[in-house]
Amino acid sequence: RSLCSNGCRPKPFGGCSC
């Protein structure tokens, strides 16, 4: 999957960016 949450984007290092 490439989605973390609504309005958030997956980071290349792991985790999410909102």
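Any Cβ shown, glycine's included, is placed from N, Cα and C.
Keep in mind the model is a prediction, meaning the values are calculated, not measured.
A simple way to gauge crowding: the CB of CYS4 (disulfide bond) has 14 other CB atoms within 10 angstroms, across all the protein chains here. Annotation comment: Swiss-Prot describes CYS4-CYS16 (among others) as disulfide bond, evidence class similarity to another entry.
In three-state terms derived from DSSP, CYS8 (disulfide bond) belongs to neither a helical nor a strand segment and is classed as coil. Of all Cβ atoms in the protein chains displayed, 12 besides its own lie within 10 Å of the Cβ of CYS8 (disulfide bond). Residues annotated as disulfide bond in Swiss-Prot, with similarity to another entry given as evidence: CYS8-CYS18 (among others).
The Cβ of CYS18 (disulfide bond) lies under 8 Å from the Cβ of SER5, GLY7, CYS8, ARG9, each of which sits 6+ residues away along the same chain. According to Swiss-Prot, the cysteine amide annotation covers CYS18.
Within the same chain, the residues at least 6 positions away from CYS16 (disulfide bond) whose Cβ sits under 8 Å from its Cβ are CYS4, SER5, CYS8, ARG9, PRO10, listed in sequence order.
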